Amino acid sequence: MRGTPLLLVSLFALLQPGDCRLANAEEKLMDDLLNKTRYNNLIRPATSSSQLISIRLELSLSQLISVNEREQIMTTSIWLKQEWTDYRLAWNSSCYEGVNILRIPAKRVWLPDIVLYNNADGTYEVSVYTNVIVRSNGSIQWLPPAIYKSACKIEVKHFPFDQQNCTLKFRSWTYDHTEIDMVLKSPTAIMDDFTPSGEWDIVALPGRRTVNPQDPSYVDVTYDFIIKRKPLFYTINLIIPCVLITSLAILVFYLPSDCGEKMTLCISVLLALTFFLLLISKIVPPTSLDIPLIGKYLLFTMVLVTFSIVTTVCVLNVHHRSPSTHTMASWVKECFLHKLPTFLFMKRPGLEVSPARVPHSSQLHLTTAEATSTSALGPSSPSNLYGNSMYFVNPVPATPKSAVSSHTAGLPRDARLRSSGRFRQDLQEALEGVSFIAQHLESDDRDQSVIEDWKFVAMVVDRLFLWVFVIVCILGTMGLFLPPLFQIHAPSKGL
């Protein structure tokens, strides 16, 4: 009767599944390994004080979360795989029912306290202490996930076609090179589980082991994150609007001077470019070491628009000149009225002036003189006077002599002489009045011709500056944006 309970317990143990026995074996193994009498997680796992513990590191990139250009911080989600050997955690698997792998909480074993040295938020260690994987030969593998914010020096020279080299520097916080040795398990970071970024392309992720020649006890492992920006976002939202706004400045030279809106268009374009320049200053870091590429382009276009404002003032000044204020020099006529229009593909419409529109003043003077000389040579009838002068005053043919003679034949001689004298005097005064009007019209024609010449000079200057602006704008844009597109960035070499 006394052996019955013991027999029942033995039968119950035999009927249990194998995993329960295995769980009991793992529990017993953990109790044996982590017994406080034989294991202290604060002591380095070395058989002697001079023994060097080798820590093998391997970084696996999960996600490039963001790169804050203004604060110069890179945020990444990584897994930092660490491997080392702890002889105190080795066991004979045959004594524990073939258990070869044991998972132990990380805080219960010795850790090499490897931290991110160049962190930017004060978080040096990992955020989650996952279990370590311990094998029967004493090798330990720890793969903790972490979200790191690391300091990254942003090079703004080619923004937004830039390529950055941000680093993650890992080092033990309390142990130096005489106690632990950090080595790379692979020359580059692992990207098997990487989630692509919408803003950056990963160019390369080389790792290097750095030893300070001045301090042999210093050693660290550094991973270079060589990333290249995807410029589509900034091209659509910054570069193309800037180019379109700059192209509006070209219309300033094509706009007629008489419309009065040339200066308004120039100032509007300049204000728009100033707004974009202020927008850029909110994105890039406030550094004085270099000027971003988009900033250089905006400054370049602002200089061009300022130049267009100056040229517009000059063109308007030339356009509104007149003979009463300025005299056109001969070289100006030769250069801007004859030579430059040919090279600028400009053709001035010809001025068609009808010769019968108004008699020339010299002809009127000649007619008056002839009329006076005729009266001085001898008495003449009004018919002779008509025949000599009416052709110039009135296009209607003069009255024939026979009609005039028959009209005056019945008058006395003295009356005829007095009548012809008064008629000659009235006719002379009329001719002098017509001569004055002709001279005035001729003077107005000359002044108007000079004014039209000044306006054409202004058009030539406007067209000249138009070609200069277009050529400089195209060459400047290509010179600024083409080199960064074809530039090859070499990754940093380790020491």
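Quick reminder: no glycine exception, Cβ is built from N, Cα and C everywhere.
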Quick one: does Swiss-Prot have K296 and E452 on the same side of the membrane?
no
Cysteine paired with C166, where Swiss-Prot records a disulfide bond, from C95, C152:
C152
Cβ under 8 Å to the transmembrane segment (236-256), counting only same-chain residues 6 or more beyond its ends: which ones?
160, 262, 265-266, 268-269, 272-273, 276, 279-280, 294, 297-298, 301, 304-305, 308, 311-312, 462-463, 465-466, 469-470, 473, 477, 481
From recorded positions N35, N92, I133, N137, N165, the one whose Cα lies nearest E261 (Na(+) binding site):
N165
For the transmembrane segment (298-318), distant same-chain residues with Cβ under 8 A (at least six beyond the ends):
242, 245-246, 249, 252-253, 257, 262-263, 266-267, 269-270, 273-274, 276-277, 280, 291, 454, 457-458, 461-462, 465, 469, 472-473, 476, 480
Taking only the recorded positions N35, N92, I133, N137, which one has a CA atom nearest to the CA atom of N165 (N-linked glycosylation site)?
I133
Between Q141 (site 'Key residue for a low dissociation (K(off)) from the conotoxin BuIA') and I133 (site 'Key residue for a low dissociation (K(off)) from the conotoxin BuIA'), how many Å separate their Cα atoms?
5
For a quick check of understanding: among the recorded positions N35, N92, N137, Q141, N165, which residue's Cβ has the most other Cβ atoms within 10 Å?
N165
Spatial neighbours of N92 (N-linked glycosylation site) among the recorded positions N35, I133, N137, defined as Cα within 10 A: which are they?
N137
